[in-house]
Amino acid sequence: MTHTTTIAAKRGGLALAKKAAAAGAVALAVASLQPVSAAHAADARVIGGKPAAQNEFPFMVHLSMGCGGALYKKDIVLTAAHCMDGSGNNTRITVTAGVADLNSSGAIKVKSTKVKVAPGYDGVGKDWALIKLAKPIDRPTLKIATTAKYNRGTFTIAGWGDVREGAGTGTTKLQKANVPFVSDRACKWHYGNRLVPKQELCAGYASGGIDTCQGDSGGPMFRKDDAGKWIQVGIVSWGDGCARSGVPGVYTEVSTFAKDIAKAASAL
C-alpha cells in the first residue's frame with residue numbers, strides 16, 4: 001500500500017476495502033484487519049499486542065476463512081459482513097472457540113448452518129453479520145452496547161491476525177491490546193468521506209504501533225461497562241494499512257445496529 005494511492009483494506013485480508021473507490025484521499029493510514037469476502041480473507045493478528053491468557057476472553061471465536069468474531073448467543077456469532085459471501089444457508093464455515101491457542105487440544109469446533117448479513121450492506125457502513133451454529137457452544141457470550149454510552153474511553157482489541165502489516169501469516173495464539181477512542185472529527189481528517197460517522201467508530205494511537213490488522217476482521221472491540229463486565233462496542237472493519245502513524249483503525253459502531261442485530265438473531 002502506497003502513500004500516494006492509499007487503499008483501505010478490510011481487516012480480514014489484504015483485499016481491497018469496501019471504500020477503495022476513494023483511494024488517494026488519504027496519505028497515511030493505520031488500518032484494522034478485515035477481509036472483503038470469505039474467499040479473500042487472510043489470517044492476521046493484533047499488532048503491538050501481547051498473548052492473551054486462556055479463558056481471558058472466552059467469548060472470542062476464530063472463523064475458518066480467516067476472520068474473528070464473538071459469541072452473541074451460544075449458537076450465534078457476531079462478525080463483520082465483509083467476511084461473508086452473503087446471506088443464506090451456509091455450512092462451509094468452521095468456528096473455533098474455547099481456546100486462546102488454536103492448536104490446543106481443547107478447541108471446540110462447530111460448523112455454521114446459516115449466515116445473515118446486515119440488510120442493505122454494500123461495502124460502505126453496516127459492516128456486521130451473524131452466523132448461526134449447528135449447535136450451541138458452552139462458553140460465555142459477549143453483551144453488545146445498545147446505546148452510545150460506552151463509545152468513548154479505552155477499548156480492548158483481540159484477534160489471531162497479523163502482528164506485522166503484510167505478513168500474511170497470522171498467529172495461532174490470541175493477541176490482545178488496548179487502543180484509545182478517536183473522535184469522528186479526527187478520524188475524518190484522515191479518511192474524509194470514506195468514514196461513515198453514524199455507523200463507524202475509530203480507535204488508535206496517533207503514534208501508531210498498536211492496531212488490528214489482516215485476519216482480525218469481524219472480531220470485537222470491547223471495554224468494561226459500569227458493572228465491570230465486558231461489553232462490545234465495535235467490530236473490526238477496515239483501515240489503511242496496519243498500525244501506521246497518524247491513522248486510526250475503523251470499527252462498526254455496534255450500538256447503532258443493536259436493534260437490527262437482535263431482530264436478525266431472533267429470525268435465525
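Placed from the backbone N, Cα and C atoms, the Cβ positions cover glycine too.
Bear in mind that the values here come from a model prediction, so they are computed numbers and not experimental data.
Swiss-Prot lists His82 (among others) with the feature active site, charge relay system. Packing around His82 (active site, charge relay system) is summarised by its Cβ count: 33 other Cβ atoms lie within 10 angstroms of its Cβ, all protein chains included.
Marked as active site, charge relay system by Swiss-Prot: Asp127 (among others).
Under the heading active site, charge relay system, Swiss-Prot lists Ser217 (among others). Cβ neighbour count for Ser217 (active site, charge relay system) (all protein chains, 10 Å cutoff from its Cβ): 38.
The Cβ of Cys67 (disulfide bond) has 38 other Cβ atoms within 10 Å, all protein chains considered. Among the features that Swiss-Prot reports, disulfide bond is placed at Cys67-Cys83 (among others), with the record citing sequence analysis.
Under the heading disulfide bond, Swiss-Prot lists Cys187-Cys202 (among others). Packing around Cys187 (disulfide bond) is summarised by its Cβ count: 23 other Cβ atoms lie within 10 angstroms of its Cβ, all protein chains included. In three-state terms derived from DSSP, Cys187 (disulfide bond) belongs to a helical segment.
For Cys242 (disulfide bond), the count of additional Cβ atoms within 10 Å of its Cβ stands at 34 [all protein chains shown]. According to Swiss-Prot, the disulfide bond annotation covers Cys213-Cys242 (among others).
Residues annotated as domain 'Peptidase S1' in Swiss-Prot, with sequence analysis given as evidence: 46-266.
If you look up Swiss-Prot, you'll see 1-41 marked as signal peptide, on the strength of sequence analysis.
The feature site 'Required for specificity' is assigned by Swiss-Prot to Asp211, with similarity to another entry given as support. Annotation note: Asp211 (site 'Required for specificity') sits in a strand segment as assigned by DSSP.
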Conformational class of Ser217 (active site, charge relay system) under the three-state DSSP mapping: coil
